[in-house]
Amino acid sequence: MTDTPVEKLTEPEAVSELERLAREIAHHDELYHANDRPEISDAEYDALKRRNDAIEARFPHLVRTDSPSLRVGTAPVSKFAQVVHARPMLSLGNAFSDDDVRDFVGSVYRFLGPLPDNSIAFTAEPKIDGLSMSIRYENGILISGATRGDGTTGENVTTNIRTIAEIPNRLPAGAPSVVEVRGEVYMAKSDFLALNEQMAAEGKQTYVNPRNTAAGSLRQLDAKVTASRKLKFFAYAWGEMSDMPADTQMGMVEIFREWGFPVNPLTKRLHGADELLAHYRAIGLERAQLDYDIDGVVYKVDRLDLQTRLGFRSRSPRWAIAHKFPAEQATTILRGIDIQVGRTGALTPVARLEPITVGGVVVTNATLHNEDYIKGIGLKGERIRADEHDIRVGDTVIVQRAGDVIPQIVDVVLEKRKADATPFVFPHECPVCHSHAVREEGEAVYRCTGGLTCAAQAVERIRHFVSRNAFDIEGLGEKQVEFFFHAEDDKLKIKSPADIFTLQQRQAESPLKKLENIEGFGATSVKKLYDAINDRREIALHRFLFGLGIRHVGEVNAKRFARAYLSYAAFEEAALEAVPPKEGDRTDKGNEAWQELIAVEGIGSIVAEAVVDFYAEPHNREVLDNLFKAGVTPVDEVALVSTGSPVEGKTVVFTGSLERMSRDEAKAMAERYGAKTAGSVSKKTDLVVAGPGAGSKLAKASELGIEVIDEDAWFTLVGEE
């Protein structure tokens, strides 16, 4: 993550950063909610979300349609049928300190108006570390069970839910005709340890932690597997109810108990921040002895009428907040440091540890974040260890399970350091493809520059290459890319972009099983795939540049370069000429080509350095050569036809359902006539083109007095009627 403070970001940098954060947070949402295998801690995830929110607060007109601030969870997994929740399953805001809790309580009082101190009751309940579930009953009979999914649509796991003994299949007489009980499916620590002992005895790989195991168990296609896992449930909330049997949160908890649902015995009704914090600390002291994982305490306004008055923000209720626990710690020996290469080329140091139990989980690896963290330097250049020491192999280290997910080393027991311990030297070369690794100014992370050739990044790079705004090859989605990348037959393999364009020829020459005879394909779909590939042998220059996956060269910057250089030959020539003659240097500021690169509108030194790094790496140039040999030709950008255009230099927003063109076609047309496009309406907007169904953007335009026209008027305006 970049170190540039939010208040110092320029608008182009903010656009780039919001694009990166949207992509990165979506990736981690997918890992956590859909795949049950998170790769970063809760704290690191929360930091990404907070940075995204801070940038959006400073640049509200840059909020993306795919912004993490507008999304809950992730889309449901395709192997299960989808269930639309009658009432959305929203996430909660987080508190990380006593002050955060006091601020939350204060905000409730301020919103509700003048009230006596401590007059509002709150419930406080342990935050179970499991999988959120909504269970629907109609006329007392269990009808469906669904995961939270993206908050609006979840996965139908009804068959598996029925195997959980603690969830009643039938409600007692007198229950409302429609009831949705919400709660958390989890696995007890004792059952988790027993399962791992069984797996080890059978010579199978053991599981990482109870939360992931519970989530994976619930998503089994075979309900017998789910039944064997001894899953449990705590009820704590509700969705649709045809009639409310209580008027307080605590009253509903008691109703759940009467209906036969387990409710957490540590739930209490309290008043004021002091009582909430005292209960939080009491639960924290009991945490290690509990037979289930918890990662905090949830506070809710008790009276339901006050909950209704307080209402909701876009993704979370105003009447509730989750107070997170700090991570648990233990001491062990650092045996080694390995370097892993992530899907985006980031080099991450990983500590290999003498096995140690932290919070009930055996830990053998821990993240070391980056070079600076090993040296004891924080994100803002501050020293993060009191006596300014680094981390060395052989050290006795303090390990923390941050967010109960990814362990990290937080400190060193310096008195136990051996006399011959030496500082760790961070590599400047990718351990996977041996391309040079660079660390951009203002960043803490080294990144491999062999993006198109590095095996660690290959699948992600190919997915990006064929994505909608790049080569847009229909029939090459995520699953197909995974299939071709891992294919054992060389005539089917797609390891680099050039392989896409030689696939048909290689298949024609193959004596082995043909693609159309492989399950999941067929003659028709294979023909469509080949046609889609061949249709992209000639590709618009900006799409080609975006498809290369050069760091910081997103869709917007790719268009800027295309408009500035007009041909790929001119762009490549400038990039190669800007490569410094001295190995190890990243820029040659006296170089004319370098000055030309940074002079492109909206392009600064950070983006230009990324371009130069890409072209300085011989492996990338080799991949490009192979791409051209395979018959790919970037089509020269047409110079803007906007001379005298009435929209030249204006900012245009398209909204509603366009009937004569797609949204992408509309944006391309506007840019062709010299206009800029935006995704939201602000004071900087000059024109709004509204189709049927235009909503909030149309209202905002009217409020700001911005000109609004329909689609037909747009075509007339630009002279294409």
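Even glycines carry a Cβ here, placed using N, Cα and C.
These features come from Swiss-Prot:
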- Lys127: active site, N6-AMP-lysine intermediate (ACT_SITE)
- Asp42, Ala43, Glu44, Tyr45, Asp46, Ser91, Leu92, Glu125, Arg148, Glu184, Lys300, Lys324: NAD(+) binding site (BINDING)
- Cys430, Cys433, Cys448, Cys454: Zn(2+) binding site (BINDING)
- 642-721: domain 'BRCT' (DOMAIN)
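Annotated features taken from Swiss-Prot, shown on the structure.
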| residue | record | Cβ contacts under 8 Å, 6 or more apart |
| --- | --- | --- |
| Asp46 | NAD(+) binding site | Asn94, Phe96 |
| Leu92 | NAD(+) binding site | Val298, Ser316, Pro317, Ala320, Ile321, Ala322 |
| Lys127 | active site, N6-AMP-lysine intermediate | Ile294, Asp295, Gly296, Val297, Val298, Ala322, His323, Lys324 |
| Lys300 | NAD(+) binding site | Phe122, Thr123, Glu125, Gln249, Gln307, Trp319, Ala320 |
| Cys430 | Zn(2+) binding site | Val341, Gly345, Leu347, His436, Ala437, Cys448, Thr449, Gly450, Cys454, Ala456 |
| Cys433 | Zn(2+) binding site | Cys448, Gly450, Thr453, Cys454, Ala455, Ala456, His619 |
Among Glu44, Arg148, Cys448, Cys454 [binding-site residues], residue with fewest other Cβ within 10 Å: Glu44
Average pLDDT across the domain 'BRCT' (642-721), rounded to a whole number: 84
Cβ-based neighbourhood (8 Å from the centroid) of the Zn(2+) site, residues Cys430, Cys433, Cys448, Cys454 excluded: Val341, Gly345, Pro431, Val432, His434, Ser435, Ala437, Thr449, Gly450, Gly451, Thr453, Ala455, Ala456, Gln457, His619
